[in-house]
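In what follows, a single structure is set out as structure tokens and then discussed.
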Amino acid sequence: MTQSLADMRREYTRDGLSEANAPSDPFSLFRQWFDDAVKTERLPVEPNAMTLATVDADGYPHCRILLLKGLDERGFTFFTNYESAKGRQLAANPRAAMTFFWPALERQVRIEGSVEKVTPEESDAYYQVRPLGSRLGAWASPQSRVIADRAELERLLADTERRFADQPPSCPEHWGGYRLLPQRIEFWQGRPSRLHDRLDYRRQDGGWSRERLAP
């Protein structure tokens, strides 16, 4: 390593987050911040990339990077193989957390809540707009299972391509979406001297409460 980890740091000076400028609805603030990220972040950065954390039946946490593919007043939607490790973990414990980090804006959003499957119709609607290779991959890959080597995966894909040579692939039953129904959404804005701004929204009595947290 060319630089000591202890010496790696930066000052956050771009912006602030005040209660006066923050809407009472966290979904409105998330949309504002997401739109800012789309305008500011540049490829190869993906503004809809997020860390998804789940917990298995033994209480061990697991996290990985996914892409947000839907947002409405109900919650935040992502898609995956239901038989994958994350799918099995969500079946055992249907709660999860998401984190979005937009470094160019010095912003982070943390979301916690319960998780439900979206309807088959919603899964199919998204599946049908995916690139053909991704649709075939959803059939070919036994996600999270041990395979012998890369050649085995390529053989599985070739078999799938032959299977659907004369017809478009349909959405597999083992693949689809989840929606995280937020109970808590925290917005973090980097500030100088590590005195960051943190606004914490929580579900309460059919609406949302909002509090400032110490950094």
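In case you wondered, yes, glycine gets a Cβ from its N, Cα and C as well.
Bear in mind that the values here come from a model prediction, so they are computed numbers and not experimental data.
Annotated in Swiss-Prot:
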{"type": "BINDING", "residues": "Arg9, Arg10, Glu11, Tyr12, Lys69, Tyr126, Arg130, Ser134, Arg194, Leu195, His196", "note": "substrate binding site"}
{"type": "BINDING", "residues": "Arg64, Ile65, Leu66, Leu67, Leu68, Lys69, Phe79, Thr80, Lys86, Gln108, Gln143, Ser144, Trp188, Arg198", "note": "FMN binding site"}
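In this structure the C-alpha atoms belonging to Lys86 (FMN binding site) and Lys69 (substrate binding site) are separated by 17 Å.
Counting every protein chain shown, the Cβ of Lys86 (FMN binding site) has 24 other Cβ atoms within 10 Å. According to DSSP, His196 (substrate binding site) is assigned to coil rather than to any helix or strand.
Classification of Lys86 (FMN binding site) by DSSP places it within a helix. The secondary structure of Arg9 (substrate binding site), as reduced to three states from DSSP, is coil rather than helix or strand.
It is Arg9, among the binding-site residues Arg9, Lys69, whose Cβ has the fewest other Cβ atoms within 10 Å in the structure shown. Candidate binding-site residues: Lys69, Arg194, His196. Nearest to Trp188 (FMN binding site) by Cα distance: His196.
Each residue contributes its Cα atom, and for Arg9 (substrate binding site) and Phe79 (FMN binding site) these two points are 35 Å apart. In this structure, Arg64 (FMN binding site) is part of a beta strand by DSSP.
The closest partner of Leu68 (FMN binding site) among the binding-site residues, by CA position, is Arg130; the full candidate set was Glu11, Arg130, Arg194, His196. Cα of Leu66 (FMN binding site) to Cα of Glu11 (substrate binding site): a distance of 28 Å. Across Arg64, Ile65, Leu66, Leu67, Leu68, Lys69, Phe79, Thr80, Lys86, Gln108, Gln143, Ser144, Trp188, Arg198, which the record gives as binding FMN, the greatest C-alpha separation is 37 Å. A strand conformation is recorded for Trp188 (FMN binding site) in the three-state DSSP classification.
Nearest to Arg130 (substrate binding site) in space, judged by Cα atoms and limited to the binding-site residues Arg64, Phe79, Gln143, is Phe79.
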